[in-house]
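Taken from TrEMBL as is:
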- 1-29: region 'Disordered' (REGION)
- 1-10: compositional bias 'Basic and acidic residues' (COMPBIAS)
- 12-26: compositional bias 'Gly residues' (COMPBIAS)
- 39-69: domain 'F-box' (DOMAIN)
- 79-205: domain 'F-box/LRR-repeat protein 15-like leucin rich repeat' (DOMAIN)
- 207-551: domain 'F-box/LRR-repeat protein 15-like leucin rich repeat' (DOMAIN)
Amino acid sequence: MDETAKRHCTGEVGGGSGGEKGGGSSYGDFEPSMGRFTDHIIIDVLEKMDLASLCTSACVSPTFNSAVAYHLPFVSSSDLSGFYLDEETLKHVVRRVPGAKSLTIECLRMRNDSSIINILGEHIEDLSLLKCTCLSYDILRALGEWCPNLRSLLIEFAGCDAPELFKRKLAEMLQKVPLLESLSITIRGTSRDVFDVRPLGQFLPPKLDLEDRPFTLSSVGDLTNIGLQALKFCECLIALSIVRSKMNCPASFTRVDNKGMFHVSEGCKRLESVKLGGFAKVTKAGYLSILYSCRNLKKFEVFTSPLLSDSVIDNMTGVARSVVELRLSSCSLLTSEALEHLSSFRKLEVLDTSGCERIGDQAPFYISKVTTLTRLNLAKACITDVGLALLGAGDLPIVQLCIRKCEKVTDKGIKSLFHADRKICKTLSVLDVGYIPKITDAAIFTIATAAKALTDLSLRFCNGVTDAAVQMLMDRPNHNSSQLQMLDICSCQGLSAEAIMLPLHLYAFHRLRWLGIGLTDIVAKRGIFTAICEARPRLVVCSVCCDFGCCDGWQ
């Protein structure tokens, strides 16, 4: 993805300095009042903050600045996801937190392996490398050499047609990280399979996560039942994820059927987490063999399975009391009736039925009985305002909700969801109402007024949204909308080029990290686009059609 497509900048968001009185200055009585707090009280407060909050606190006053500088070397976890740093900035940040055992890094702007190798060390135990567009498979060997105490690794490769090189470098790494407990590898854009785990069986950690997104599909060298048979000898495996997907169209393992699942269930009876995607030939019998075998299952996820039916859910009674996450995405046979006994899932926190187009208004009624639910994805479901009213009546503490492409929903349904100050008004943080043609400014006003904890809002392809809604989200510094960190208004055809008025006032988008404006007139008016980037240099402004945070299309 070229530099003209997006702006990834670092800098300081304006406000609270430069001689203006306020929370960020030392004018008046603010700084002297800080002396009333002893050092250990301030340190106790700072220890409860993440890295981003610490950096913000350092700007509050000289006292906090000194306290943060003292505390940074003792920070054990550094999560830089959402911050697109270049190599020099990354080295500077990591140098300030030398004791961090856990690192999460966005690698979109890392140009070669040395960008990451320079910050590796024996102290790192948990490492996540996201969006590695320019990193080679050789980084795996380097990780084995420089991080011998690694316990958890997540890495996303852009991919290349070198499956044998990948396997060799992975084997070299696995031999040098004896403490590894969790391995998650995503490979996007390959044209050949890299999933033959047979040569690696003796080195595999208890948690194994493999994903590919091939450009083309070939049965030659692809994963088969025999490949999965190697997992029979991985008796210590507690988490397994094998996923094949393809952008905008289905992709599957064409040489794996129920027999492959029987191999998995026979050897991996200790599994607590199962994620399977793209197994088009696996039927009810294959999935049930895993459910009957793995009695301690906490997470069960199946993606793009055209043969998975309601009866699979009906037969989950043995694991219903232990399952915390249930994701059944793009399973075309699944209907609302599958969720009838969902209330027996006493610990369920996450439910995802996205892409299951036969899910109707009865489903929200069943879902409303699950009082522990915090994350719900009903994308593409055939629900109406009635279904949203039934969901709202359940008064669930939902934190993340996606009703994308639920095309029958209107402003009335959104209003009924947030009616009478329900729990969702206080808990909802992430909301996706994209691709709903009947959503208008009225729904946005309802959301911004009622959702007090909202941080991420997607309105993409909502053509009924106009400039008035965007101005409302920008212009209220003390309003709920001032908490927004991500806003997606991609392809909202009702927006004009002047939807974001200049100059930006002090509080407009002052917390925003990511703004999606692709396919809108705002992009065409380059002066506005450039001015936004200059006024908010830390804000990532995406002028193409990426989803939240540019998580798709990064390769």
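Each Cβ is built from the backbone N, Cα and C atoms, and glycine gets one as well.
Whatever TrEMBL says is automated annotation, not expert-curated.
Mapped onto DSSP classes, the domain 'F-box/LRR-repeat protein 15-like leucin rich repeat' (79-205) shows 43 helix, 26 strand, 58 coil. Mean pLDDT across the domain 'F-box' (39-69) comes to 76 in this model. Here the domain 'F-box' (39-69) has, by DSSP, the following mix of helix, strand and coil residues: 23 helix, 0 strand, 8 coil.
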